[in-house]
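**Q** A single structure is presented below for examination.
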Amino acid sequence: MPFALGQRWISDTETDLGLGTVVAVEGRMVTLLFPATGENRMYAKEEAPVTRVSFNVGDQIATHEDWTMTVEEVQEKNGLLIYVGVRTDNDEPVALKEVFLSNFIKFNKPQDRLFAGQIDRMSRFTLRYEALINQHKRRLNPTRGLAGGRVSLIPHQLYIAHEVGHRYAPRVLLADEVGLGKTIEAGMIIHQQLLSGRAHRVLILLPETLQHQWLVEMLRRFNLHFSLFDEERCIEAFADAENPFETEQLVICSLDFLRKKRRRFEQVLEAEWDLLVVDEAHHLEWSIDAPSRAYEMVEALAEQVPGVLLLTATPDQLGHQSHFARLRLLDPERFYDYEAFLAEEQAYGKVASAAQELLDGETLSDEARQILASQLEGLDMSDAAARQQAVAKLLDQHGTGRVLFRNSRANIQGFPERHLNVYPMPLPEQYKTAIKVMGMMGGNGGDLQTRALRYLYPEKIFQQFEGENATWTQFDPRVDWLLELLLSARQQKVLVICSEAATAIALEEALRTREGIRGTVFHEGMSILERDKASAYFAQEDGGAQVLLCSEIGSEGRNFQFASHLVLFDLPLNPDLLEQRIGRLDRIGQQNTVEIHVPYLEGTAQRALQLWYHDGLDAFEQTCPTARPVFEAVRDELFELLAANTGDQVTLDALLIKTRELHEPLKARLEQGRDRLLEIHSSGGAAAQLLVDKLAAEDDDTGMVSFALKMFDEIGVNQDDRGENALVLTPGDHMLVSSFPGLPQDGMTITFDRPTALSRDDMALLSWDHPMMRGGIDLILGSEIGATSVALLKNKALPIGSILLELIFVAESAAHPQLYRFMPPTPIRLLMDKNGQNLGEKVAFDAFNRQLTPVNRHLGSKLVTASQPVIHGLIGKGQVIAEELKAGIVDKARTRMAQTLQQDLDRLEALKAVNPNVRDSELDYLRNLQAELHHLIDQTQLKLDAIRFIVVTHN
């Protein structure tokens, strides 16, 4: 290399040093000063990892005095370059010696980097191109946002999430029966709204007891990092912002907290949200004359927030007025009058009955035919297909079909059987004595509920006298029984749930010390990470725990359907909690009958509660939609019976009779009131199954796995294969970046297999929607990784020394989240020969790539320097060809956008004529969006993203 004092060079290995200046040439050594950092580097002249900086005619260059010039001529004198041209600010002619170039010049354009010798590995060029292709495909994919959740592919959930998640500012009521996954549906909708850019700020309002469950569900299932806001958090956040709720984008808050703290509620109102989610919305009490404070708060928020999701118990359970109150929150203009709503419901009831006949395939009665004809013009009942089309139209025109989704177990397949096993046991003398002493000492006070709860858990009474020691496990017959059950079913996974964390801890110790049974605990005193580890240990097939012992609160939000044995060591006083316990195993996807084991102590409140649940409500072997209203109706009598703790059979029998008299007619009424039309609409039918099939095919796509592993390799992320479809990722010592997006410093265990992720809470499910994959692609495309490369092509059919230039352009418009589904950044690949002909369409990337051999940076730089004028010319010709191709891409995007949005607009306008639930704001939004996207698509620009220079060789 001919070095001369004053020349400008750039380091190949330390590009952040900026431009270097040769300050000494002595013997075999050369010294460069890098003025931007003040550092010196001494190199051996023959092997110096530096590249000469030279610019070409037409380039714009910056000077050390912060003005720029356009180069018109390049001269050389005594080994130094002189750039002749004009200043860009005043058109003054100038001649600039290279020593006066800016010290901070960076080569961001791929052609500048190529000519400056900043040549990357060929494998990184390939990775960059694949990142562009995959990003483009993913943003066009209509299922984007659905595949990324750690959820089973359940048709009705996917359909609701897809249907609602694609709307602008969705305002809907999710009213699926318990166990059908309303929380998952809401999570998928939130995930899609955030990924598509339709929403940025989300507020979830919940009862305090559900906050942690939602926090875990959103994080573990959807990688959404919500923040819990209470008074302490608000005080902390006040240091960063006047309104603490503006310090986070995703917030979970207790409705009760806001009700008690008026100032905090005012701050929540002042913060701007895109989506409001309210769980347990049926607890928002409302009457025409006296709405509750909680209802008024949600109403005030719903008036300001564009999107609203209300999660509620099934409408039928709570009466029409309560149902109307929630619909009124979603659209007060549409649901303005309760009496009018009742009249409309009654009229719709006749339509639903007629639709029932249509669905059953029977000959339509005259009344049904007349009703359907009034709803559907040109009614054709000639065959099954015509009937199905008629049903589809009715679904679209359904009275509340756009705002209400409700599925029941009766119309959803895939749930397991439930079988109850009961084990009566004698009350130990130690408990009898403890109860007697408690009574003598006046410890039997408190309200009815407190006394009832006390007798349900006699071990707690005993421990009041014993202290910290848990010797109750030595004489309680339920412990011996549990040991025998576990020993007799060594190969079975068993989930044990009890009310208190202390009970779970004591049981685990007893099982371990007495019989060496492998178990683990799971309770609210553990961190999320500790719970993940416990869950993973339980899920592990070889060498894992046989039994997982959960507390009531600790088990919230977790599902263990790989187990089929459930032990209810004690019973909760609330029927909703009982269903929640059973729901840990009774999920869609459970392969076996759920065996429910209930031990109880005879002659105690435990026996009475077990019989009330089973003989009164049949709540163990069936889901019980009537449980809540029946429980409220007999609450005081039940509590009195339990608080007496006498085993009074006469009183118990009377209570069971009353319970059944309430339960059975209500259950029959709910069944008769089922809205088949609404259920078919909510379940999605064939459309839902198509979604499942599409997502299952995406799960089986090995291309994503291949790309991910290649990306981790190139960036420098360590990968350790742990078997069982598991891979441990940790930051490498020599990564291209200081940290990889979404990868903690202590690493992460990932899997690409959905069933594995569903059974292992300690593993992340990697998909195209996962933050690590999206962040990794953004990292590559937002940097210069792989932007330049040089390779050799061994091909004796071509003249030796022939050159090819591979140009990767990207056609993109201004960033707009709604634009991506029509015009995402689109790669355009050209393969130019020396004559400027584009061979890209004839020579596929993958096949061509396999024929190439990489070269090192120094040889690559020499090859580029020798062909620099030719490369300049080919880039110019390629730009012209790419512009022509871009025009075609823009035309297709414009047509696709216009057709899609016009179809949506036409459908909604037609629907509005027969269904008032279509909001004017939706129509206005689509019209405005159409005009805005049309303008943005027309503004699409072309940029050169990557270059690969190829030289033909015969060796």
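Every residue, even glycine, has its Cβ placed from backbone N, Cα and C.
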**Q** Name the residue range among 279-282, 387-390, 723-726 that Swiss-Prot annotates as motif 'DEAH box'.
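**A** In Swiss-Prot, residues 279-282 carry the label motif 'DEAH box'.
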**Q** Would you list the DSSP helix, strand and coil counts for the residues of the motif 'DEAH box' (279-282)?
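**A** DSSP classes over the motif 'DEAH box' (279-282) add up to 2 helix, 0 strand, 2 coil.
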**Q** Please classify the secondary structure at T183 (ATP binding site) using three-state DSSP.
**A** helix
**Q** What is the Cβ neighbour count of K182 (ATP binding site) at a 10 Å cut-off, with all protein chains included?
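**A** So the number of other Cβ atoms within 10 Å of K182 (ATP binding site) is 23.
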**Q** Which bits of the chain, at least 6 residues beyond where the motif 'DEAH box' (279-282) starts or stops, bring a Cβ under 8 A of a Cβ in it?
**A** 173, 182-183, 186, 204-207, 210, 214, 298, 310-313, 317-318, 322, 326, 329
**Q** Out of D176, E177, which of the binding-site residues is least crowded by other Cβ atoms within 10 Å?
**A** E177
**Q** Using a 10 Å radius around each Cβ and all protein chains in view, which of these binding-site residues has the most neighbours: V178, L180?
**A** L180
**Q** By a simple count, how many Cβ atoms lie within 10 Å of the Cβ of T183 (ATP binding site), its own Cβ left out?
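**A** The answer is 19.
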**Q** Among the binding-site residues G179, G181, point out the residue whose Cβ has the most other Cβ atoms within 10 Å, with all shown protein chains included in the count.
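**A** Most Cβ neighbours within 10 Å: G181.
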**Q** Around the ATP site recorded as D176, E177, V178, G179, L180, G181, K182, T183, what other same-chain residues have a C-beta within 8 angstroms of the site's C-beta center?
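**A** What remains near the Cβ centre is E185, N407.
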